[in-house]
Each structure stands twice: as C-alpha cells, then as structure tokens.
Amino acid sequence: MIEKIDKYLFLVYHQDYDSFLLKLRDLGVVHIKENKPTSESEQIKEIVVSRRHLSDLIRTLSRKRSEEQPIGAPRKPASAEEGEALLQQIETLLEDRRQIASQIESQQRENDYWEPWGKYDVQQLERLQQAGYPIRFYIIPTAQYQEHWEEEHNAIIIDTRRSHHYFITVGDKSTERIEAEQIKAPTHTASELAERLASFEQRAEQIETEIQKFIDQHLEDLQGYDLLLQDKYQMSNAFLQATGEADDKVMLLEGWIPSKIVPEVRQELDQLPCYYAEQEILDEDKIPIKLQNNRFSRLFEPITRMYSLPNYSELDSTPLFAPFFMLFFSLCFGDAGYGLVIFLLATLFKRKVKGQSTKDICSLAQWLGGTTVVVGSLLGTVFGMVMPWANDGSVLGSVRNDYFLNQDNLMLLSVVLGIIQILFAKTVAAVKIQKQRGLKYALSSYAWVIVIFALIMAVALPMAATGIPSYVTTIFYGLAIAAGLVVVFYNSPGKNIFLNIGSSLWASYNTASGLLGDTLSYIRLFAIGLTSGVLGGVFNNLAVSMSEGLPIGLNWLVMVFILLFGHGLNFGLAIISSLVHPLRLTFVEYYKNSEFEGGGKPYTPFKVN
C-alpha cells in the first residue's frame with residue numbers, strides 16, 4: 001500500500017537556515033519538495049559529474065577486489081579533501097598504468113622492429129663508420145632483391161621474414177643507388193632494448209600491485225566518499241529549493257513527512273528555530289511515494305520499481321499482482337525438480353550474502369522456487385520425468401490423458417487464470433476511479449466487470465457441467481443486461497444520453513477486442529510450461545537411448561553428460577521465459593486493464609547517508 005504523507009511548510013530566519021538544515025538532516029524524515037530544477041545550480045551539476053565519475057570508478061574497482069578480501073561497510077572520510085586525496089591517488093595510479101602500458105606497447109614494437117637484425121654492437125658500427133666502412137640497413141620484398149648487389153654493394157642478407165629480405169651493405173662506395181627501403185642505423189643494442197622492455201614490465205607489475213593494495217585497503221573509503229558527496233548534493237539541493245522572502249530575510253522551504261510519524265516529528269520541530277505549518281496538498285503537487293507492504297509483498301517491490309512507482313492518487317499494485325506473478329512463474333517453469341534447484345540455490349546464497357536487498361532477492365527466489373515445486377508436483381513433472389501419479393506407466397513417458405492436469409485442462413486453466421486476472425485488474429481500476437473521482441464515476445467500470453463475468457458464466461456453465469438449471473443462466477443474462485444498462489446510460493455522469501450511448505458503443509468495441517487479445521496472451525503460460533517439461537523428457541530419453549549398448553562406464557559418462565548439458569540448457573531457457581513472460585503479463589495485460597498510471601517519485605528523505 002501507499003503510505004499516507006503530509007505536506008509541510010517551514011519558515012526560517014536566514015541566519016539560522018544553515019543550522020536548521022543540519023538539524024533537519026539529523027531528523028532524516030523530511031522529503032524536500034523540489035520547486036526548482038537542479039540544473040540551475042552549478043555546484044550541484046559539479047557534484048553530479050563527480051559522483052557519476054566516482055560511481056563508475058568504484059564499479060570498475062569492485063570487480064578487481066581480492067576474493068579473500070572481506071566486503072566491509074563504506075567508511076566516510078573525515079572531510080571532502082581527504083576523500084579527494086584518495087581519489088587523486090588511485091587516479092594517479094591508473095594514469096601511471098595507462099602510460100606504462102603505452103610505453104610497453106611502444107617498446108615492444110621497437111624490439112620487434114629490430115629483432116630480425118639479430119645481435120649487434122652499436123659501438124662497433126660507429127667504429128666501422130669512422131674507418132670508412134659505413135654499414136647501411138635495408139628492407140625489400142624478397143621478389144625485388146637483386147643478387148648482383150652482393151658484388152656491387154657488398155650486400156649481405158641478415159634475415160628473411162614475411163616475404164621480405166633484411167640486408168646490410170658494408171663500405172658501399174658505389175654511386176648507384178639501391179632501390180630498397182633504407183632505415184636508420186640502430187642506436188641501441190638488442191640487449192639494451194630487451195632490458196628496457198623488462199624494466200617497463202617490472203614497473204607495470206609494481207603499479208598493478210599498488211592498485212590491488214589500494215583496492216583492498218581503500219575501496220570502502222571511496223564508497224564512503226561517494227556517500228559524502230551524496231550528502232553534499234542533498235545539502236546543496238536544500239539550499240536551492242528554499243525561496244527567499246521579505247528581502248531574503250526569511251527562507252521558505254516545503255517538504256513531505258509520512259503521516260504516521262508526524263506527531264513525533266512535530267515535537268522535534270518545536271525545538272528548532274523555525275515556524276512550520278501543514279499545507280493543503282494541491283492537484284499539481286508531485287507527491288513522493290513510500291510503499292508499505294508486508295514481508296511477502298515487499299519482496300515484489302523491485303518488480304514494481306522496474307516499471308514505475310504508482311502515483312499518490314492510485315493503488316499500490318505490488319500486493320495485487322504478487323500472487324499472480326508467483327503462480328505464472330511456476331506454471332512457465334512447470335517442473336518440480338527445477339523449482340527445487342532454485343529454492344536450494346536461493347537458500348545457499350541467502351546465507352552467504354550480507355546486503356539486505358540481495359537477501360530480499362534470494363527470499364523472492366525461494367518463494368518462486370517453492371511455488372514451482374508445488375505446481376510442478378501437481379503437473380506431475382520432476383526433472384523431465386513424469387511421476388507415478390500422473391504418468392502412463394513409465395517415468396519416461398507422458399502425462400496420461402485422464403490426469404486432471406493433462407494438456408487440454410492445462411490450456412483451459414491458463415485461459416481461466418487470464419480471465420480471473422483481467423477481471424481482477426478491471427475491478428482494481430474501478431476502485432481507483434472511485435478513490436480519485438467518487439463512486440458515480442466508477443459505476444460504469446464496476447458494471448463492465450459484472451457484464452463480462454455474467455456473460456462468461458452464462459456461456460461457460462452449461463458447457464462445463466450438464467444439468468445446470470435454465471434459470472441459473474437466465475439470472476446471469478439478466479445480471480449482464482442490468483449492468484449493461486449502467487454501461488450504456490451512465491458511463492459519463494453529467495453528460496447527455498446520446499454521448500453516453502456513443503461512448504458505450506466505443507467502449508464495447510475496445511473491451512471486446514482487448515479482452516480477446518489479452519486472454520489469448522495467457523495461453524503462453526501453457527505453451528512455455530509444456531515446452532519446458534517436454535524438453536526435459538526429450539533429454540532424458542536421449543540420454544537413455546544414446547547410452548544403450550555402450551561399454552559399462554562409458555555408458556554412464558555419456559548419460560551424465562547428456563543429462564547435465566540438456567537439463568542445464570533447458571533450465572537456462574526456462575529461467576528466461578519464466579521471468580520474461582510473467583513480467584509481460586504484469587506490465588502489459590494487468591497494468592493496462594487496471595488503468596495503471598504510474599509516474600510516482602520515490603520518497604527520499606533529507607538525511608545523512
């Protein structure tokens with residue numbers, strides 16, 4: 001549910017505003033109303049840029065933390081200067097690493113360039129030059145090399161690589177020019193080049209060691225510096241959102257406080273140097289949203305936030321779609337064995353992780369896995385094997401036709417569940433309209449639910465069971481007609497009758513076409529669940545058939561390999577489809593029929609992080 005929240009105004013003398021904000025931040029419950037865009041403040045923009053850069057850096061460094069290094073809580077530095085010094089330290093190390101990597105790459109290219117010439121003494125080359133025997137270095141494609149150069153120019157081939165000759169001339173006095181690429185004589189010996197590369201690589205190892213040491217010792221300090229910048233952002237925003245009144249002698253600030261803690265907060269505010277008063281909430285106000293759900297529904301709040309928070313005037317959909325999502329997930333998986341794997345893995349990870357948000361995700365996975373175990377058992381499938389209560393005589397066979405959840409009944413169940421959720425969503429939409437505008441504006445929405453339900457029952461009951469008295473269907477038809485009159489003549493209260501009739505015709509077309517398409521979407525629950533079970537059975541049969549006739553030992557290896565590979569692949573595909581399709585049914589079919597508006601901003605109180 002959405003927690004009720006109140007709007008408050010604060011008036012503070014300008015000289016007391018700094019101390020007032022510090023005490024208000026210590027309270028940690030007031031969500032400051034934003035009347036001005038943060039883009040108006042250069043200081044805030046600088047903080048945002050710094051935080052974005054720091055967050056990216058922390059994310060990169062976190063991936064390189066030593067596995068044996070325990071994950072600690074963020075440690076705030078004593079001051080922003082201390083945090084900035086740490087940031088400069090790691091950035092200097094990272095820049096040194098980039099530079100040394102560039103030097104290594106450049107030196108490696110130079111070494112590769114001179115490597116074909118073998119070992120040489122630079123001083124000996126200089127002495128030969130001074131004695132009148134200059135050594136010149138050439139490179140030429142092998143096909144263009146002229147052997148007569150060896151007589152005319154004292155050419156000597158040093159090496160041949162990649163279809164090129166590397167050769168020199170010794171004391172060439174000829175005036176005829178050699179048609180080859182001449183390069184400058186080397187200024188360093190091969191050993192000197194190798195030593196230089198080794199020194200660069202040694203320095204690179206030292207820098208990597210220093211970076212790793214910094215990550216293990218100071219990553220929590222950088223995370224604390226990020227929290228410090230977040231505090232600075234909130235304080236700067238609190239200054240920005242205040243409006244100066246009476247020649248800027250009085251600062252006016254507005255904020256939001258959860259209603260249930262208002263009495264305690266008012267007692268604290270009485271001790272602060274300010275005047276405060278509750279204000280009327282206006283239609284144009286963007287009221288922050290604070291969700292308050294029980295332990296079960298709270299696990300599904302990340303799914304709600306993935307799409308959008310509800311606005312303050314509508315209902316929180318989290319506890320409303322949670323049971324459907326859990327059931328749809330288990331139907332898509334359709335295998336009790338896979339559900340057991342999810343449950344056990346989630347339980348194992350929940351014991352190892354520390355963050356509450358990660359624990360909540362593990363708890364959600366436990367619920368989803370546990371539900372899959374129950375539903376998969378009802379479907380009769382465990383790791384692709386059909387259990388005795390559902391099979392046709394063999395665990396490698398198929399579900400027998402007279403089982404209560406055979407393929408036909410499972411498809412029908414998917415459609416029925418779809419109709420139930422759609423009708424439930426339309427009821428939620430009617431309740432929302434009643435909350436926002438009043439009962440008379442919601443009567444038409446309630447009537448549509450009754451019309452759809454009554455017509456379905458009138459048609460489905462005689463088909464589902466024989467011996468239904470005719471007056472039962474007559475009652476449902478009568479109920480549909482009565483509700484239909486409300487739809488036709490009272491869908492737009494206060495408007496003339498012809499406009500109501502026209503609106504009802506258009507609404508009837510949209511409802512009929514939309515209901516058909518939405519209901520058909522739920523058949524995918526049957527299709528995905530059936531596919532998962534069938535693929536598991538196929539891999540089981542394949543493992544048995546492929547291992548038959550093989551020598552003892554080899555047959556078990558083949559069977560285990562096929563089972564692990566096949567079920568691993570099937571499990572991965574089932575995870576994807578079992579998450580994606582229930583999300584689609586929630587965000588498309590359910591949200592559309594419940595007329596979900598969204599657009600809510602999360603409640604973020606002004607506090608020390």
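Glycine residues also receive a Cβ, built from the backbone N, Cα and C atoms like all the rest.
Just so you know, TrEMBL annotations never went through curation; they're auto-generated.
Taken verbatim from TrEMBL:
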COILED    190-217  coiled coil
TRANSMEM  320-346  transmembrane segment
TRANSMEM  367-390  transmembrane segment
TRANSMEM  410-431  transmembrane segment
TRANSMEM  443-465  transmembrane segment
TRANSMEM  471-490  transmembrane segment
TRANSMEM  497-516  transmembrane segment
TRANSMEM  522-544  transmembrane segment
TRANSMEM  556-580  transmembrane segment
Legend entry - Stretch with greatest number of CB pairs under 8 Å, the transmembrane segment (522-544) reference, 410-431, 471-490, 497-516, 556-580 candidates: 556-580
Legend entry - Interface-richest range of 320-346, 410-431, 471-490, 497-516 toward the transmembrane segment (556-580), CB pairs under 8 Å: 320-346
Legend entry - Tertiary contacts of the transmembrane segment (320-346) (same chain, 6+ residues out, Cβ under 8 Å): 296-297, 299-300, 303, 362-363, 365-377, 379, 381-385, 414, 417, 421, 424, 428, 525-526, 528-530, 532-533, 536, 571, 574, 577-579, 581-582, 585-586, 590, 594
Legend entry - Confidence summary for the coiled coil (190-217), mean pLDDT rounded: 90
